[in-house]
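A.B. asks: Starting off with a structure, shown below.
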Amino acid sequence: MVLPVQSIQLNQYGITDPVSNEGPTNNDIKASRELLNLLKSYNLYETDEGKKRREDILESLNRLLQQFVRRQAKINRGLTDQEASQVSGKLLTFGSYRLGIVAPDSDIDVLCLCPRSVTRESFFSDFYNTLTKVEGISKLQPVPDAYTPVIKLYFYEISIDILFANLDAPTVSPHINVLDDNILRNMNDSTVRSINGCRVASYILDSVPNKNYFRTTLRFIKLWASRRKIYSTVVGYLGGVAWAILTARVCQLYPNCAPNQLIEKFFRVFSVWQWECPVTLCKIKEPPNIPGLMSFKVWDPRVNPQDRHHLMPIITPAFPSMNSTHNVTATTKRVITEELMRALEIFKTPNLSNLELWEKVLEEQDVFSNYKHFLVIEVYGSTEHAHGKWEGWIGSRMRFLISRLENLGNTYIRPIPGFFKFEDDNWDYASSAFFAFKVISGVAENSKTLDIRSAVQSFKDIINNWSDMEKYRDQISFNIKHLKNNQLPDYVLSNKSKKRSINEISEESNRL
């Protein structure tokens, strides 16, 4: 792929003027081509065959959606077959697929946008039942009670999350503009969260001066965050939306820079960012004085007391704007900042080629070798469904454990993203999450009296307060223990285990 030199001079992107309008040199264009080859070596680009398979899957889902919408129109509105044939829904993508940064292991996030005759209840009953009969679909899991309700499944081994939203309209036009705020009128919060995934992705793309440069830069940043173990909203790091917004903001500040330049600018900008100032791609819209829209709450620390406690506010560009990083804690903010500083220092290293710099920045963080103490949360289930629900609940509460460990005052904590699958003699399904920590003051490193019991007990009390506990009590269990690094299980130290990606960690963890 040839990276053309493009000059953006006339339009301002973002809420401020650019830091620089300077463009790339010939050496920068050459370096960006080298960067593309590096990213391809990490298998970050979907093959043509893989792209075609994803397109076929989306076409199949769209056919199923239209059949479902028309079926519901006949049931709920009493329409004839001919009348129902004029009613339609719309299948929309968001996430990495919408942003155009699909890798072979990427999931697909889709939204079923439906007319008023289709209810959320029918989506989780009628549409779900239809999916159970489709060849190629497996691991089907409805999560109607999640923070953002979702049907999770695999379609020919590709992970897919399907969200639902319905409009106050008899049909959904194929040309509907989802960026029009008026489509949110009278929607409940859950539906707004579902549809805003699509709106946020579109706004991000529209906010950058050069989409190809943005995509290349974002692929690198996401790879870096994943390899440095700071890609996870579940344990308080940043997720895909936040990393995309940060990358887009750098593209706005340096609208003519090539990807090789933008990567370095990214670390220069955010390693010293003053987080009292939120990162935004556009002006935050106030709720308009319009019935059906005026009641929405937008991120505003002047009005909302809880917003004042957010440590790294990265604000979504679509109305109603929300903080994509509300889970960030003092601990994870510190870790993220340290990683940003580390990368910047590497870029300052003299006498290294571009490739050497990038490879050093991308060097994988080996947390298990660098720490002496670990807190392990073991999650057990007798069925895949029960284990998934239980793991999702525990994952959604982990930030509270981090906060309680922070309060001890003498430990340096490093949450490790993801759950590790392992085999257990007594349970059919088992996984574990790890928190690395070390003593920084007050207690000797080799002491046997490091007391985390109060923090652990408090976390256990939170976990045992699960609303579904009575339903699943006989199918689940969990255990928390402290291990030293010489006691770590083989499944985290060898290739025997499969560590699941953040996309596979029961996304309901973020939504409960």
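Each residue, glycine too, has its Cβ placed from N, Cα and C.
Positions annotated as ATP binding site by TrEMBL: Phe94, Gly95, Ser96, Asp107, Ile108, Asp109, Asp161, Lys222, Tyr231, Gly240, Val241. Per TrEMBL, Mg(2+) 2 binding site is recorded for Asp107, Asp109, Asp161. Taken from TrEMBL, the feature Mg(2+) 1 binding site applies to Asp107, Asp109. According to TrEMBL, the domain 'Poly(A) polymerase nucleotidyltransferase' annotation covers 14-208. Taken from TrEMBL, the feature domain 'Poly(A) polymerase central' covers 214-363. Taken from TrEMBL, the feature domain 'Poly(A) polymerase RNA-binding' applies to 368-410, 436-499.
Give me the structural setting of these features: burial, nearby parts and distances.
C.D. replies: Secondary structure from DSSP puts Asp107 (Mg(2+) 2 binding site) in coil.
DSSP assigns Asp161 (ATP binding site) to a strand.
Across the domain 'Poly(A) polymerase nucleotidyltransferase' (14-208), mean pLDDT in this model comes to 95.
DSSP places the residues of the domain 'Poly(A) polymerase central' (214-363) in helix, strand and coil in these numbers: 71 helix, 6 strand, 73 coil.
Proximity of distant same-chain residues to the domain 'Poly(A) polymerase RNA-binding' (368-410), defined by a Cβ-Cβ separation under 8 Å and at least 6 residues beyond the stretch ends, is recorded for 139, 141, 143, 146, 234-236, 327, 329-332, 419, 424, 426-443, 445, 450-452, 454-456, 458-459, 462-463, 466, 468, 472, 474-485, 488, 492-493, 505-506, 508-512.
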A.B. asks: For Ser96 (ATP binding site), what residues in its own chain, 6 or more apart in sequence, show a Cβ-Cβ distance under 8 Å?
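C.D. replies: Residues satisfying the criterion: Val102, Ala103, Ser106, Asp107, Asp109, Gly240.
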A.B. asks: Please classify the secondary structure at Ser96 (ATP binding site) using three-state DSSP.
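C.D. replies: The residue in question, Ser96 (ATP binding site), is helix (DSSP, three-state).
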A.B. asks: Would you count the other CB atoms within 10 A of the CB of Ile108 (ATP binding site), including those on all shown protein chains?
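C.D. replies: 21, counting other Cβ atoms within 10 Å of Ile108 (ATP binding site).
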A.B. asks: Per DSSP, what is the residue tally for the domain 'Poly(A) polymerase RNA-binding' (368-410) in helix, strand and coil?
C.D. replies: 26 helix, 9 strand, 8 coil
A.B. asks: Using only the Cα atoms of Phe94, Gly95, Ser96, Asp107, Ile108, Asp109, Asp161, Lys222, Tyr231, Gly240, Val241, which the record gives as binding ATP, return the largest interatomic distance in Å, rounded to a whole number.
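C.D. replies: Roughly 20 Å, rounded to the nearest whole number.
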A.B. asks: Among all chains shown, work out which of the binding-site residues Asp109, Asp161 has the most CB atoms within 10 A of its CB.
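C.D. replies: Its Cβ has the most other Cβ atoms within 10 Å: Asp109.
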